[in-house]
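Features reported for this protein in TrEMBL:
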DOMAIN    128-146  domain 'U2A'/phosphoprotein 32 family A C-terminal'
COMPBIAS  147-156  compositional bias 'Basic and acidic residues'
REGION    147-203  region 'Disordered'
COMPBIAS  157-183  compositional bias 'Acidic residues'
COMPBIAS  184-195  compositional bias 'Basic and acidic residues'
Amino acid sequence: MDMKKRIHLELRNRTPSDVKELVLDNCRSNEGKIEGLTDEFEELEFLSTINVGLTSVANLPKLNKLKKLELSDNRISGGLEVLAEKCPNLTHLNLSGNKIKDLSTIEPLEKLENLKSLDLFNCEVTNLNDYRDNVFKLLPQLTYLDGYDRDDKEAPDSDAEGYEEGYNDGEVDDEEEEEEAAAEEERGEKRKREADDEGDEED
């Protein structure tokens, strides 16, 4: 499915300004670029475009409220200066599994003053000498790199996962509640039957 169609389906009769979370994983991008996403998605806080064949983020619209951006398993090798311009309030950025080879590629991220967590797993840049020390020097605002802080302490789940842990919680809770209610009803019926059986025996 292409990205435009996927966005249309994800809207489900909502307007773009109603959408806070948008997951477009595994759909097809057009010529390696983001398409179908406009600056009308002004309330968007979480965007995931994992494994969509992106080579560039140049077409990203202005998303002032975006906090978390998942770009892993694409083919991005540069052009990250766009992120500071389009998503100035980004706190979590995942670029794992992209074609990032050197520190100069991530240097533009220093303009993302609120960036707390950056993931570069499976990027060639991680093989450089003193990779972690150099990234923390380059991006002093970072708290976590690849899930660990400067002292190699692991990030709490809430920081590492960002919005994912809260995603779709409501639906699961409703289902669990329905199942629990049905089970309770069944237990009640069983107790009633047992009481009736005892009554029959006494007669």
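Heads up, the Cβ atoms here are built off N, Cα and C, so glycines get one too.
What you are looking at is a predicted structure, and each value in this text was computed from that prediction instead of being measured.
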Subject >> Non-local residues, at least 6 beyond the ends, that sit with Cβ under 8 Å of the domain 'U2A'/phosphoprotein 32 family A C-terminal' (128-146) >> reply: 102-103, 106-107, 109-110, 112-121, 155, 159-160
Original post:
With DSSP helix as H/G/I and strand as E/B, how many residues of the compositional bias 'Basic and acidic residues' (147-156) fall in helix, strand and coil?
Top reply: 0 helix, 2 strand, 8 coil
Subject >> Mean of pLDDT values spanning the domain 'U2A'/phosphoprotein 32 family A C-terminal' (128-146) >> reply: 98
Subject >> Residues in the domain 'U2A'/phosphoprotein 32 family A C-terminal' (128-146) grouped by DSSP into helix, strand and remaining coil >> reply: 8 helix, 2 strand, 9 coil
